[in-house]
Amino acid sequence: MSDIQISITDREGVVHAVEAPTDMNMNLMELVRAYELAPEGTIGVCGGMAMCASCQCYVLTGHALPEKSDEEEAMLSEAFYVKENSRLGCQIALKPELEGLSVALAPES
Amino acid sequence: MIKTDILIIGAGPTGLFAVFEAGLLQLKCHLIDALPQAGGQLAEIYPKKPIYDIPGFPEVMAGELVANLMEQIKPFQPGFTLGQRAETIEKLEDGTFVVTTNEGIQHHAPVVAIAGGLGSFEPRKPLLEGLEGYEDKGVAYMIRDPEIYRDKRVLIAGGGDSALDWSIFLAGVAREVTLVHRRNEFRGALDSVEKVQELKNLGKIRLITPAEVVQVAGKDKLESVLVRRNSDPEEDILVELDAFIPLFGLSPKLGPISNWGLEIEKNAIKVDNTLDYQTNIPGIYAIGDVNTYPGKLKLILCGFHEATLMCQSAYQRIHPEKRYVMKYTTVGGVTGFDGSKKEAPKAVVKAID
């Protein structure tokens, strides 16, 4: 088991330090749901297809993340509250190199 | 008033399959859905994406699964109230229900099955100050009747299929069509993108990218919007118009159902999973993604199972005096309300000499 530590700020501003498995084929959106850091039905609405932006988050650390796919780029261009550091949580796979990653969930829209 | 045996709220895969199971029990169904077409999320969000965990289908496109379900339930002649949201529910003295939509259509049934998924899809509204004040006064989030835009000046914002398709359509109806999108790239089908390019070259569509509407203005109704290009206030363009149509997709909201007196937990309706997926109100069931119980999984295949058990319980409720034993379709065949009959071919009995 290779767990990493990730810091997630929920939509109320509360910071949660959580342990994330890197061997379960999980992504950041699923991690938020697994720890129930956002109400069900308000995150991961499309199930992780980069088609709803309900898992938008702001990346607060300088980790090297995978490049945005065309689909993610397009979805973010239509989402609200988008900033330079916005990403879709469902497109960020939990990998050992993300140890120490810190993100904040974007507001619900 | 529309009368039926089981009123199903939500025409996604679970609601559609419930029609089949009800039909086997000779129960009629009517479905209400806020979207203009059947299929729920499968039709609205990911029609061209594959699903791999439908039993017996190694791979099936979401849109194809919906088409198959529609074909499967056709003999049972379901009724549909589409493009309307179930708004209120009233329990009559005899224990039956009347459900009224936002457009005032009434539906009467002894059993209500909520198969509402994540809720009804509501348009996502851009964050613009004062925007809501112009709703129905120049601002609309979906197009119901394109004719109202004839000879008008229209601005559409968005970068997906609906923004492209409506820009193309309205280019032949409206006096002016302006399309505003935050990027130069569009996410729609290739031929739609090419068609918009062609109309732009012909001067039929004014394209402003990368840009976004940052301000709306007008006295009694919407009169103009401010479009900011390249995020630079120096490049702001004031567009005078009659209509502003932001098309930024839809997001599901549980909506009015949450005020029906049902027990809600985590944005889902609590049901009795040990028996029949009935809610705390006898006669109202919740099936598919909209319900919750210990161990719940939001999977289409689980919705199919829940729909099946719900129908058995609904039958008992509607016909308390009747005895019934479940019959396999292979044995009993499928007899539609339309007179059609499907059954297994008889075995050939022939001697070998």
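Heads up, the Cβ atoms here are built off N, Cα and C, so glycines get one too.
The FAD binding site annotation in TrEMBL covers B:THR14, B:ASP33, B:GLN41, B:TYR46, B:ALA86, B:PHE121, B:ASP289, B:THR330. Cβ neighbours of B:ASP33 (FAD binding site) (same chain, under 8 Å, six or more residues apart in sequence): B:ILE9, B:GLY10, B:ALA11, B:GLY12, B:GLY15, B:GLY40, B:PHE80, B:THR81, B:LEU82, B:GLY83, B:GLN84, B:SER120.
Under the heading domain 'FAD/NAD(P)-binding', TrEMBL lists B:5-294.
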Quick check: in three-state DSSP terms, what is B:PHE121 (FAD binding site)? strand
Same chain only, sequence gap of 6 or more: which residues have a CB within under 8 Å of the CB of B:GLN41 (FAD binding site)? B:GLY12, B:ALA62, B:GLY117, B:LEU118, B:PRO252
Of B:TYR46, B:PHE121 (the binding-site residues), the residue whose Cβ has the fewest other Cβ atoms within 10 Å: B:TYR46
What is the total of other Cβ atoms whose distance to the Cβ of B:ASP289 (FAD binding site) is within 10 Å? 28
Out of B:THR14, B:THR330, which of the binding-site residues is least crowded by other Cβ atoms within 10 Å? B:THR330
The correct subset of the binding-site residues B:TYR46, B:ALA86, B:ASP289 with a Cβ closer than 8 Å to some chain A Cβ is B:TYR46
